[in-house]
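Student: Sending over a structure as structure tokens; questions will come in a sec.
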């Protein structure tokens, strides 16, 4: 168990270094720091692009801390995957730091479905198992880039592009990813298109996808 724990910590350190690189200078999508830190003041009613700062004298070590990435997420769902997010909502000290982390667990044949991060580049590394990953570039080419990742492999999903990860192995898989924003956002393509509230008209979707409306209605019913 000690060896497994040490290995996990080493892998976590690698991802942390990648996260720092990802958030450095102009590469980060968030504004640069103007002070040492700006811990979120959760009691403030001020609304800004980001979050207001807590008084520095009230900041404690716990504002920069999160525990739980060693714990596997529950993958008993339709997609067979689970994302554990560590961004500014979990660590208020990440405010203005331009970086966050996620742990993604995958059951065999588990999928993190096609989605985008509108405010961040993502750099995942596989901790256990193997993953088939890919992203699609913008119009008009819509070219698909794919790769099979094994333990220790790293890949890059450029900011804003649709991407996915699929566990193509027979065992559980785990990945840890750094993102270049304190609040990357996520838009899951299927949920956005077929599960919006209120729903997008089936006439519009039928024309967009060049299928009958009854097919659109059946798909929307799944969301």
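Note: Cβ is positioned from N, Cα and C throughout, glycine not excepted.
Copying in the features that Swiss-Prot gives for the protein in this structure:
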SIGNAL    1-28  signal peptide
DISULFID  38-53  disulfide bond
DOMAIN    67-217  domain 'Cupin type-1'
CARBOHYD  74  N-linked glycosylation site
CARBOHYD  82  N-linked glycosylation site
BINDING   115, 117, 122, 163  Mn(2+) binding site
CARBOHYD  168  N-linked glycosylation site
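Would you situate these features in the structure and describe their surroundings?
Tutor: According to DSSP, residue 53 (disulfide bond) sits within a strand segment. Sequence-distant contacts of residue 53 (disulfide bond), defined as residues of its own chain at least six apart whose C-beta falls under 8 angstroms from its C-beta, comprise 35, 38, 39, 40, 41, 95.
Averaged across the domain 'Cupin type-1' (67-217), pLDDT in this predicted model comes to 97.
Long-range neighbours of residue 74 (N-linked glycosylation site) (same chain, six or more residues apart, CB within less than 8 Å of its CB): 82, 105.
Annotation note: residue 82 (N-linked glycosylation site) sits in a strand segment as assigned by DSSP. For residue 82 (N-linked glycosylation site), the Cβ neighbour count at a 10 Å cut-off comes to 18, with all displayed protein chains included.
Annotation for residue 115 (Mn(2+) binding site): spatial neighbours 162, 163, 164, 186, 187, 188, 189, criterion Cβ-Cβ under 8 Å with sequence separation of six or more.
Classification of residue 168 (N-linked glycosylation site) by DSSP places it in coil, neither helical nor stranded. Listed in sequence order, the residues of the same chain lying 6 or more apart from residue 168 (N-linked glycosylation site) and placing their CB within less than 8 Å of its CB are 109, 130, 131, 132, 148.
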Student: Among 117, 163, the binding-site residues in question, whose Cβ has the most other Cβ atoms within 10 Å in this structure?
Tutor: 117
Student: If the Mn(2+) site is taken as the center of the Cβ atoms of 115, 117, 122, 163, which further residues of that chain fall within 8 Å of it by their Cβ?
Tutor: 116, 120, 135, 157, 161, 162, 184, 186
Student: I'd like the Cβ neighbour count for residue 38 (disulfide bond), meaning other Cβ atoms within 10 Å of its Cβ, all protein chains included.
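Tutor: Around the Cβ of residue 38 (disulfide bond), 21 other Cβ atoms lie within 10 Å.
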Student: Once the chains shown are all counted, how many other Cβ atoms turn up within 10 Å of the Cβ of residue 122 (Mn(2+) binding site)?
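Tutor: I count 24 other Cβ atoms within 10 Å of it.
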